[in-house]
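Take a look at the structure set out below.
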Amino acid sequence: MYGRDPWGGPLEIHTADSATDDDRSRNLQDFDRAAMSRSLDETQQSWLLGPTEQKKKKYVDLGCIIVSRKIFKWTVGCIIAAALLAGFITMIVKLVPRHKHHNPPPDNYTLALRKALMFFNAQKSGKLPKHNNVSWRGNSCLQDGKSDDSTMFKNLVGGYYDAGDAIKFNFPQSFALTMLSWSVIEYSAKYEAAGELAHVKDTIKWGTDYLLKTFNSSADTIDRIAAQVGKGDTSGGATDPNDHYCWVRPEDIDYARPVTECHGCSDLAAEMAAALASASIVFKDNKAYSQKLVHGARTLFKFSRDQRGRYSVGNEAENFYNSTGYWDEFIWGAAWLYYATGNSSYLQLATTPGIAKHAGAFWGGPDYGVLSWDNKLTGAQVLLSRMRLFLSPGYPYEEILRTFHNQTSIIMCSYLPIFTSFNRTKGGLIQLNHGRPQPLQYVVNAAFLATLFSDYLAAADTPGWYCGPNFYSTDVLRKFAETQIDYILGKNPRKMSYVVGFGNHYPKHVHHRGASIPKNKVKYNCKGGWKYRDSSKANPNTIVGAMVAGPDKHDGFRDVRSNYNYTEPTLAGNAGLVAALVALSGDRDVGIDKNTLFSAVPPMFPTPPPPPAPWKP
């Protein structure tokens with residue numbers, strides 16, 4: 001039998017107790033000496049000596065936790081060291097010079113855009129908002145509508161004065177609003193980058209709020225429209241006070257301002273419908289207002305189709321803004337109503353070949369391809385080409401849309417210098433109105449369409465287009481637009497900027513009543529302001545952003561207040577300028593917004609074409 005020796009060695013125990021007491025004593029003494037001759041480990045010592053006294057640890061009470069003092073010291077030390085290191089690094093970063101990255105300065109197109117929009121602030125009629133920011137303007141013509149007993153429209157306060165006078169012509173005003181809305185729909189990101197999105201939307205709403213007053217906008221069917229407020233006829237030596245005979249500030253007008261109504265005015269009604277429909281897309285986030293605009297547009301377009309006629313026949317508008325036809329407005333208005341509502345009946349009307357034929361889409365003419373307040377065909381062709389590029393609606397629209405697309409391509413070719421459709425001045429200005437006065441309003445519209453169409457092609461991953469057998473890059477179109485706008489901004493033989501307030505050399509004698517008469521608390525009567533009209537001194541008030549009528553066909557320009565063919569600005573002209581400037585402004589990689597214009601358009605599932613006629617032998 002074996003047992004465990006407590007000292008580490010084996011111990012043999014015999015069951016037979018044969019040893020004597022002396023022998024046992026001697027053996028135990030031997031074991032004691034053996035044990036004393038070895039060193040004992042800690043466990044063995046603890047068995048022999050019992051528990052030893054341990055060193056007492058110290059702790060720190062932090063209230064919510066108790067930690068060892070040693071750990072606490074290490075932790076605090078590490079925190080202090082990290083704070084010192086962070087402070088040292090921060091000090092180095094702040095003291096070491098570094099290059100600051102600034103946003104690039106705005107380009108000339110952006111700078112001019114900000115000024116061009118200010119022109120609309122100077123043209124506002126009615127009670128002005130506090131943020132109008134034109135110091136020499138004030139409330140004006142607050143009795144419009146009320147002062148004419150013959151009209152049913154008693155509240156015609158607001159809107160915009162057309163040019164250097166105080167007449168409110170709905171026809172060019174509506175076109176200007178449509179152009180502004182179109183530019184916002186396509187280039188809202190560029191407006192936002194320029195810090196002008198809210199400004200241009202306020203500008204549009206000021207105009208659409210007024211248009212809604214010029215007909216019964218709550219009705220589904222109407223029989224009249226207020227086409228004009230104010231009078232400008234001075235034929236036959238008439239000396240009755242009116243907006244052309246008198247030279248007074250709008251704020252000082254005290255003579256009667258008649259309202260011109262129309263009962264058969266398809267062109268005006270369809271253009272107003274286009275203005276409201278396009279604006280409804282701009283304000284689509286304001287559902288109630290957008291729906292109000294759409295309803296008004298539907299009512300106006302129905303009126304334009306039901307009661308045919310040209311608005312300018314038999315009244316003084318024929319002398320100032322004569323309309324040559326209404327078929328182009330039918331296509332233009334129907335296209336905008338389709339985009340605003342998604343109702344295919346409008347698209348069917350806009351793509352009716354017979355209407356396009358009446359509008360002159362197939363026969364050309366000297367003014368073919370020239371977008372203006374009178375002729376919207378070119379704008380409608382570009383607008384509907386967009387649909388073909390991005391939606392491809394197919395049958396039954398494909399044939400006429402392809403025709404519009406091809407016609408748009410031909411128009412873009414006609415803008416290029418290598419073609420002879422239009423002459424150019426020696427300074428490079430394209431003569432879209434064939435040498436007639438006031439050329440710039442047509443040039444800016446063409447610059448906008450050229451830039452827009454090039455952006456359409458880029459968004460469709462198309463590098464260019466064909467002019468006959470020759471292929472041209474979209475860069476050529478943009479270059480055309482840039483050269484024309486650069487001419488207007490000062491790159492011309494006279495080194496004259498035709499946008500007031502842009503650059504150092506611009507017209508100082510603008511044909512404009514409010515800008516030419518000082519705001520000196522003196523109220524001048526009808527003839528009292530003539531001395532300012534005929535003065536050779538510069539205008540006391542700068543009408544910032546106004547694009548004047550422009551130079552003649554020889555690049556000549558007379559800065560004379562009495563010659564409106566050189567120095568008068570207009571709503572329609574400035575709207576085209578704003579559209580062209582925003583299209584060219586900012587980063588070129590920021591193109592059009594492809595989707596917003598189609599936000600109300602339902603998904604298209606093209607109808608298959610009809611089967612061919614049965615074969616007959």
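Including glycine, each Cβ sits where the backbone N, Cα and C put it.
The region 'Disordered' annotation in TrEMBL covers 1-25.
What TrEMBL lists as transmembrane segment is 74-96.
Marked as domain 'Glycoside hydrolase family 9' by TrEMBL: 109-581.
Annotated active site per TrEMBL: His511 (among others), in sequence order. Cβ-based neighbour count (10 Å, all protein chains) for His511 (active site) stands at 25.
As annotated by TrEMBL, active site applies to Asp559 (among others). Residue density at Asp559 (active site): 16 other Cβ atoms are found within 10 A of its Cβ, drawing on all protein chains shown.
If you look up TrEMBL, you'll see Glu568 (among others) marked as active site. Cβ neighbours of Glu568 (active site) (same chain, under 8 Å, six or more residues apart in sequence): Ala163, Gly164, Gln438, Val510, His511, His512, Val548, Ala549.
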